[in-house]
Structures are given as structure tokens and as C-alpha cells.
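Swiss-Prot lists these features:
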ACT_SITE  18  active site
BINDING   103, 104, 105, 106, 107, 108, 109, 110, 111, 112, 113  ATP binding site
ACT_SITE  145  active site
């Protein structure tokens, strides 16, 4: 990995991993998009987006998982930069660098988080102050998960990702994210899904502890886990391995996979679990970080 030394006038934004603690598929629209009900939080695991003043627009990528991406014109980072510049009437001038650490096509919104971080970074670099509702609308044009990543805090996500409402306050907890380094494209998972649809079951109570949060989550599910496990059976091994770790309160897949998470009450247990897992499954990607909740403030225009 090439070392990156940001210039003094650069802007740096973290693109944190999105974690679906629950995910219910509640319907399918005529255009093929699915309606969801999902409790979304974030993890401290992140990519880093650096924006520097420049003439013209460019993107360089480095980091452990950067080789899995390309910097072509359709990259979500470049699309986000151009959309923001167009919306704000600003020249798209910036030198962008992405330090890519999160796994790709992994169910934790890595690309969407990168796009959202680009919007935040360039708003600061270019001194643009669009209303939040307008920023969220712009984010939705880039992808279904970009608005929630732009908010970056705990929300209940409904519709196709365009209806966001604040989640109830969540307790302190830690997430151990694990990916077996297998990409699972989201369209394949939805295509493989069988059966009917689920009723929405949003979290309305505020759990007093990580244990209480785990119990509340056990009364809910991730409807995409079953089809994802059929596509990539190694997900079953990831879930079994997480569930067997001391202190793991819940093991579940995030999003459309293949990343899974273990929920822990404290950092010591999560760090011990990560160390144990790296000894037994050294080829897997793993990261233990604090659950980022901090109930989001969402404009009424984006609320259900």
C-alpha cells in the first residue's frame, strides 16, 4: 500500500461501513425494485476519502482492497463529484484519493459510503451548503444506500432506501465484522430469493443494554440471508464461527452479504473475538469497532 500524506488544505472524510442489524423485504415494485424495512447502524471500520484543490477532476485509489476497483468515469466517487458540482453550479475541480480498506460487494455499503463521503468532503472543500433534504435527494440519485450513508447514524430505512426515520437510542455495543473475501452481488441475492414478503417490524423501543438489543434483534431477521447462503455457503461457516466466540450476543449477516457481524457488549470481548478469529481463519477480513448509533436527525421530507 502506497503511503498517503494529505496536503494541508485537503479535506478528509471517513466512509464508515453500513450495517443492517435487521432487513425485511416487504414488497416488490413494478420497476423491479424492492421495498425494505431495515434498522441500519454504522461501524468504525471505514474507507478514507481525501479531497484536495486542483484543476480538473481526478481519482486515485490505494489501500488493501483498492485493486478490486477501478477509477473509470462511472465510479461512484466521480459521479458524486460531478453531480454535486452540477447541482451547486461549481466547477468539478478536485484531486480525490480513496484509501480503500472495506471489502467490495460485501453487504456493508462500501461503495455507497464512498459516494456519501465524497459529497461531504467536496461540500466542505468547495464551501457548498445545500439544504440537507436536497443533499439526500442528490444522494438517492447515486444509489439506494447513499442517503443512509450520508446521514451516517442509526435510522430505520424503508421504501427503496429513500424513507429514513430516526432509530430509537441504542446502547453502547461493539460489532465484529467478518467477510470471507467472497463478493456476493446484490442483484443475484434478490433474484435467488424465494417465497413471499415480510411485514415491516421496526424497532420502536430503546434497548437498555447490548444484551437487550440482541434480544430485540432476535425477534427480527435478515430476509436476504437464506438466498445469500445458497449462493455462498461459506456464509454459514462465518455465522457459526462468530456465534461460537465468547461474549457474542448475536451473529447475523449484514445486507445482501457476505459480511456478517457479531454483536458484543464491550470492546474487550470484541477484540478477543477478532484475535481468535484471525488465528483460525487468517484469510478472512475482520474488524472490531464500536457500533455507531447516535440517532439521526432526518428532514421531514425524507421521513416515512
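Heads up, the Cβ atoms here are built off N, Cα and C, so glycines get one too.
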Does DSSP give residue 111 (ATP binding site) helix, strand or coil?
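Helix, per DSSP.
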Whole-number answer please: how many Å between the C-alpha atoms of residue 109 (ATP binding site) and residue 18 (active site)?
5
In the same chain, outside 103, 104, 105, 106, 107, 108, 109, 110, 111, 112, 113, whose C-beta lies within 8 angstroms of the Cβ mean position for the ATP site?
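After dropping the recorded site residues, what remains is 17, 18, 102, 255, 259.
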Counting Cβ atoms within 10 Å of each candidate's own Cβ, which of the binding-site residues 105, 113 comes out highest?
113
Which chain-mates of residue 145 (active site) that are at least 6 residues away have a CB under 8 A from its CB, listed by sequence?
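Expected: 18, 109, 112, 161.
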CB neighbours of residue 111 (ATP binding site) within 10 A?
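Counting Cβ neighbours of residue 111 (ATP binding site) within 10 Å gives 24.
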